[in-house]
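Enquirer: Sharing a structure with you now.
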Amino acid sequence: MEKQMMKQKFGLPPMPPIASGSAAKRKNLIRKKDYSPLHWDKYFKSKHDVVTASGDSFRVYECGEVGPVLLFLHGGGFSALSWALLSAEVTTLVKCRCVAFDLRGHGDTVTSDDTDLSAERMSSDVGDVVSSLFKDDPPPIILVGHSMGGAIAVHTAVRGLIPTLIGIAVIDVVEGTAMDALTSMQSFLRGRPKIFDTMEKAIEWAVRSGQIQNLESARVSMVGQLKSAESNETGTEELEHSHDSQTDIIAEELEEDGEDEDSSSGSNHPYPLIRVQSPSSPSIQPSSTSGFALKLPSLPTPKIHKYTWRIDLSKTEKFWKGWFEGLSQKFLSCPAPKMLILAGPDRLDKDLTIGQMQGKFQLNLLPQCGHAVHEDLPDKVADILANFMLRHRVTEPLANFQRSIPGC
């Protein structure tokens, strides 16, 4: 009655009839998020293993053709795939090469002692990888490190292990806040799930927990952080097998049915067409009036088993203090141009605050993201790195790239 009076008073139009089943239809229209893993080749051009003089094997991913090398060092527990989206983006902005590798004890790197994650050992690893990768003619190199990788980048620079170092960029790690966080690190690690039923569940957890806020980045990055709980096979190797199998199946079916497709229709379908002969059930029908139906390749059944973390970070506690102690002064003492990218200004400690006021390094703040700054906002970090290189005149812009940082 009240609704009827309102309609008469204000001239409201009648409510349209609600169709039966409309709620279910609207529910079906809601698109679910895709948490399936992504393969590395969507972002990097090549993947290979670099064996150092000591016999250790480091998994390396590369993209870009010419220009200075951005050498990426990932954070604790992450892998080289943490840099996938950023690498793909920055190489479209300026002339540069991106090289990312799995640090000792992480990803698909295999060493004689995966448990030695001391700052001295890992910074030596960086120097060894550069020597093995570029031999006696290393190109100009800019070290870019996140969290633990940022600390290792500073240790590498201070020790002079890269003779062609022309810059260093540290992402979301400073001595003060890092040292303060160590007391609660074990509690944080205990709060993480130890086992995931599927790789998709692990990716979903990373996004929902805020560890990686960018869904696409999580889909490629989390693969490198996991291993099979049963076989210890890394997530990247397992995905590699699946990826190769799918590629082989598609290639084989295209080859087998190519002649039939050419003779039957002359069309350019990505998959072979087969003629449907007298359907044996009402669910099988020829397509339109042509008598042809699209033959899709069958994909391998995914493995069903549980996943756990590639590295148990709780067992690396004895190295934590060595990564971060004295880091601010070491960073400020690096002779190469320096840049700090932080998720918030509150992360600056006293030494860095004074150094920044004295203009000793470039500071960039990206407060709208989490700790994995380069994964959450790869386009913005790529823009910052591109402008950093242009500012110091070590590269050239591509296409119509515009400098977006005042003063660059």
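Along the chain as shown, the residues are counted starting at 1.
Yeah, the Cβs are placed from backbone N, Cα and C, and that goes for glycine too.
Per TrEMBL, the features are:
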ACT_SITE  Ser147  active site
ACT_SITE  Asp172  active site
ACT_SITE  His371  active site
COMPBIAS  250-263  compositional bias 'Acidic residues'
COMPBIAS  278-290  compositional bias 'Low complexity'
DOMAIN    70-193  domain 'AB hydrolase-1'
DOMAIN    299-383  domain 'AB hydrolase-1'
REGION    226-291  region 'Disordered'
Enquirer: Go through Ser147, Asp172, His371, the listed active-site residues, and name the one with the sparsest Cβ surroundings, counting other Cβ atoms within 10 Å.
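Expert: Counting other Cβ atoms within 10 Å of each of the active-site residues Ser147, Asp172, His371, the minimum falls on His371.
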Enquirer: I'm trying to understand the geometry here, so how far is the Cα atom of Asp172 (active site) from the Cα atom of Ser147 (active site), in Å to the nearest whole number?
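Expert: The Cα atom of Asp172 (active site) is 6 Å away from the Cα atom of Ser147 (active site).
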Enquirer: Given Ser147 (active site) and His371 (active site), what distance in Å do their CA atoms have, once rounded to a whole number?
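Expert: So the alpha carbons of Ser147 (active site) and His371 (active site) sit roughly 8 Å from each other.
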